[in-house]
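Below is one structure, written out as structure tokens; comments come after it.
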Amino acid sequence: MSQPSTQPFDLCPSYQESTKAKTTIPREQKKRKSGESSTEAASVQHLRPGMVVLKGFVKPEDQIGMVSMCRQLGKGPGGFYRPSFKNGAKLNLWMMSLGKNWDPTLRSYGPTRPFDGAQAPTIPDAFKMIAQTANSTASEFPQINPDICIVNYYTNSGKLGLHQDKNESESSLTKGLPFISISIGDTAEFLFGDTRDKDQATKINLESDDVLIFGGESRLLFHGVSHVKTDTAPSWLKEETGIRPGRINLTFRQY
């Protein structure tokens with residue numbers, strides 16, 4: 001395996017606390033910021049048996065907090081790096097594993113990364129709470145206690161081919177425990193289907209604040225990201241965080 005660069009990757013290189021401009025948040029977002037819960041504001045869309053998307057679920061302050069925490073963790077030990085496949089080709093994204101390390105070369109989980117020995121950072125409690133609240137909102141799924149969170153940062157040229165997530169424990173897969181995916185930043189065109197044929201895949205847009213959940217009979221569906229749509233992130237998110245153009249995707253699962 002080619003050794004990835006361990007140079008710290010700053011998710012928000014333009015962030016300046018002292019010079020940050022005052023953010024203008026749309027009226028509907030201000031309402032949520034003042035106290036409306038995610039479950040009250042979200043729209044639940046059923047995509048297929050065992051698959052739903054919660055539109056508008058993650059509150060603005062939670063999105064800002066998640067970006068800030070991802071930046072902090074991503075610059076430290078076990079933070080963001082550009083992973084490679086067995087053939088040496090690099091993925092079109094930056095990745096960080098929380099809870100347990102995911103090795104895309106060996107396709108397995110472990111406590112540390114083989115190339116630098118860094119331990120996977122702990123999943124922040126605030127992240128778990130948002131994921132578990134989403135899990136409860138989509139009541140058709142069993143509740144999980146996520147012990148893995150993979151954070152992927154896609155640039156505007158980033159993508160991820162159709163694949164299955166099937167390296168969790170036999171018990172987790174047999175029970176069809178759900179996979180919970182949170183989107184922050186620019187909108188992504190997300191693909192899913194029963195085969196790896198992208199021409200047969202269904203396409204949907206996942207926007208900043210959306211949560212996608214799939215489990216049960218859809219737990220092993222093929223899914224991926226065809227492209228990220230430039231300059232579609234909320235302006236207030238960019239102003240508050242200085243986030244790079246692109247998309248953050250946090251996926252929670254129980255091993």
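The backbone N, Cα and C atoms fix where each Cβ goes, and this holds for glycine too.
Not measured: the values here are computed from a predicted model.
Record features (TrEMBL):
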- HIS163, ASP165, HIS223: Fe cation binding site (BINDING)
- 145-255: domain 'Fe2OG dioxygenase' (DOMAIN)
- 1-44: region 'Disordered' (REGION)
State which of the following binding-site residues has the fewest other Cβ atoms within 10 Å around its Cβ: HIS163, ASP165, HIS223. HIS163
Remaining residues near the recorded Fe cation site, that is with C-beta within 8 Å of the centroid of the site residues HIS163, ASP165, HIS223: LEU162, GLN164, LEU221, PHE222, GLY224
Using DSSP, how many residues in the domain 'Fe2OG dioxygenase' (145-255) fall into helix, strand and coil? 18 helix, 47 strand, 46 coil
